[in-house]
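According to Swiss-Prot:
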type: COMPBIAS; residues: 553-564; note: compositional bias 'Acidic residues'
type: COMPBIAS; residues: 572-583; note: compositional bias 'Low complexity'
type: REGION; residues: 523-583; note: region 'Disordered'
type: TRANSMEM; residues: 77-97; note: transmembrane segment
type: TRANSMEM; residues: 110-130; note: transmembrane segment
type: TRANSMEM; residues: 139-159; note: transmembrane segment
type: TRANSMEM; residues: 170-190; note: transmembrane segment
type: TRANSMEM; residues: 202-222; note: transmembrane segment
type: TRANSMEM; residues: 229-249; note: transmembrane segment
type: TRANSMEM; residues: 305-325; note: transmembrane segment
type: TRANSMEM; residues: 342-362; note: transmembrane segment
type: TRANSMEM; residues: 385-405; note: transmembrane segment
type: TRANSMEM; residues: 413-433; note: transmembrane segment
type: TRANSMEM; residues: 443-463; note: transmembrane segment
type: TRANSMEM; residues: 478-498; note: transmembrane segment
Amino acid sequence: MATEKGDQNAEKIEQSLPQKIPYWRLVVDQGVLTQQIIDYPYKGSGTEEDPYEVVWMENDPRNPMTWTQLRKWSLTMTVAVSTLAVALVSSAYTGGVREIEAEFHIGSEVATLGVSLFVLGFAIGPLLWAPLSEMFGRQIIFTVTYCALTAFNAGSAGAQNSWTLIILRFFAGAFGASPLTNAGGVIADMFHAKQRGIAMSLFAAAPFLGPVLGPIIGGFLGMNAGWRWVMGFLGAFSGAVWIICTIFVPETYAPVLLRRRAEKLSKHTGKVYVSKIDIDQGRVTLKDAFKTALSRPWILLFKEPIVFLLSLYMAIIYGTLYMLFSAYPIVFQGVRHWNQGVSSLPFLGIMVGMMFAVTYSVWDNKRYVQVQAKHGGFAPPEARLPPTLIASVAIPIGLFWFAWTNYPSIHWIVCILAGAPFGFGMVLVFLGIMNYLIDAYTIFAASVLAANSVLRSIFGAVFPLFTTYMYEDLGIHWASSIPAFLALACVPFPFLFYKYGATIRKRCEYAAKSDAFMRKLAEQMKQAPEPESEETEEPVFDRTEAPAPDVSDVSETESNVEELPDVRQMRSRASTRTASSLRRVVSYEGNPYDIDRVNTRESFTKK
């Protein structure tokens with residue numbers, strides 16, 4: 001009787017399970033099952049002592065890596081718009097600053113806090129939302145935080161005093177930091193390392209286009225309808241993006257998806273299923289996740305010269321961009337006497353430069369692919385830097401050009417065109433340095449990116465606060481030259497790391513540990529049994545490429561790196577391709593936006 005009842009229940013489950021997964025089901029059901037998923041021969045016996053190990057099936061419809069290119073690029077564009085919206089919200093506020101000053105009877109330095117504290121909120125992103133997304137998934141964190149961003153934007157429109165407005169702006173920035181932090185992770189979840197370069201190049205334009213478009217939209221809207229309409233528009237725009245992303249963007253984070261699948265399989269079958277990733281890595285508590293996320297970025301920032309110098313360079317450039325939101329109105333409204341809306345149009349010059357940079361980065365990706373092939377899949381991190389060499393020179397050229405052509409006697413187009421080399425250089429510097437840091441710190445990449453983001457956000461928050469005073473005391477020419485001199489002082493950094501990067505990395509503790517990890521991975525792959533036939537699939541681990549040095553000359557730092565798991569376990573999680581090439585290509589699978597707590601577990605313990 002019990003057997004018949006069990007068979008009936010199993011039959012009902014089978015009938016209720018979709019054989020193909022419709023897209024809406026991917027969005028609303030992270031652990032969606034099909035009969036094929038249930039019948040898959042998972043390793044194990046389904047007991048507490050020997051649970052079934054849940055892994056992706058071949059061509060698994062729920063695995064983001066196997067989705068169609070159309071779906072991947074559609075989602076890439078969607079998350080890019082979500083980051084563009086946040087960046088636009090950060091700067092569009094400047095379009096209503098004059099009206100805010102007049103209504104609340106405050107000075108420009110207090111009104112500017114609406115921008116500064118919003119950007120300061122960005123520093124919270126990698127410290128708070130990144131570990132939460134690794135615990136609960138990217139989808140739920142995005143949905144909740146973007147809803148809060150929309151609410152705080154809408155609340156700003158009804159603020160009755162300046163401090164209410166400023167505090168609401170801070171919370172909007174803090175919650176808006178979530179898509180800025182997690183959107184790159186969504187792209188890394190879907191694209192293999194070789195495909196990720198172009199996707200990230202196109203995606204990277206969004207966080208820069210937003211701040212440039214913001215003053216233009218805010219300027220005209222503030223001039224014609226008032227600052228409350230600016231805030232109202234930002235609330236409506238972010239709300240529309242929130243609705244679109246909530247409806248169309250599914251969960252993409254593999255550890256969470258496999259965990260949900262294991263939970264649902266256990267519930268449906270009565271057997272014990274556990275995600276293979278959780279078995280290999282272990283479940284991380286929320287306390288441990290925050291401990292790592294809050295401490296490790298600071299250790300890397302202040303102990304690693306590579307991280308500190310390149311993060312400082314990016315922070316100066318980022319701060320300069322936000323400084324221009326106060327500088328352009330001074331130059332074009334105060335000196336050239338343009339109205340509030342028209343004086344925001346010069347930001348289009350920066351946007352043109354950004355578009356050229358994105359085009360150039362797509363073209364340069366072909367060069368990088370060739371270098372990667374030449375090194376057998378282990379292109380050195382320094383191969384990422386050639387575009388940065390050009391860009392580092394373009395930035396001070398654009399800034400000095402702007403500083404000394406903003407005389408009223410010189411035609412306005414000359415001054416506006418100065419924004420093009422600055423925008424061109426800014427995007428390429430950011431892309432080149434971010435990729436270099438990821439490649440040089442593979443297993444520490446998430447923490448390095450967090451350190452970079454925090455320092456960058458602090459500079460972006462501080463620079464606008466002293467801009468007005470600087471222009472009043474120094475005049476428009478010398479004040480505009482200050483960031484140009486700072487950028488000029490940073491020009492040697494990319495050249496230094498391009499020429500001596502390999503040597504410097506050996507002398508940096510955590511860069512050396514990362515390199516030692518990659519050597520061990522390469523060595524274990526060499527020692528692994530060769531495929532029995534030519535058609536056997538071999539793995540390509542998704543990582544950012546790093547050099548494959550002579551493994552016979554392993555530094556002492558290797559002793560601090562934990563033994564890699566058995567290479568056959570890695571194969572079970574790796575993406576595969578046919579072994580048709582003559583040279584083995586090995587890549588680290590880790591997502592650069594995820595904190596590696598397995599291979600770095602002992603790296604930050606006190607000695």
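Any Cβ shown, glycine's included, is placed from N, Cα and C.
Sequence-distant residue pairs (6 or more apart) of the transmembrane segment (229-249) and the transmembrane segment (110-130) include fewer than 3 whose Cβ atoms are under 8 Å, leaving the two stretches without contact. Stretch with the largest number of CB pairs closer than 8 A to the transmembrane segment (139-159), among 110-130, 170-190, 342-362, 385-405, 443-463: 170-190. Take the transmembrane segment (478-498) and the stretches 110-130, 170-190, 305-325, 385-405, 413-433: counting Cβ pairs under 8 Å, 385-405 has the most.
Sequence-distant contacts of the transmembrane segment (413-433) (same chain, at least 6 residues past either end, Cβ-Cβ under 8 Å): 200-201, 204-205, 208, 212, 310, 313-314, 317, 320-321, 331, 345-354, 356-358, 360-361, 384-388, 390-395, 397-399, 401-402, 405-406, 494. Below 8 A, the CB atoms of the transmembrane segment (443-463) and the transmembrane segment (77-97) form no more than two pairs separated by six or more positions in the chain, fewer than 3 in all. Non-local neighbours of the transmembrane segment (385-405) in the same chain are 317, 320, 353, 357, 360-361, 364, 367, 414-415, 417-429, 431-433, 436, 476-481, 483-485, 487-488, 490-491, 493-495, 497-498, 501; each lies 6+ residues outside the stretch with a CB under 8 Å from one of its CB atoms. Counting residues 6+ beyond its ends, the transmembrane segment (110-130) has Cβ neighbours under 8 Å at 89-91, 93-94, 97, 100-101, 104, 141, 145, 162, 165-167, 169-178, 180-182, 293-294, 297, 322, 325-326, 446, 449-450, 453-454, 457-458, 460-462, 464-465, 467-468, 593, 595 in the same chain.
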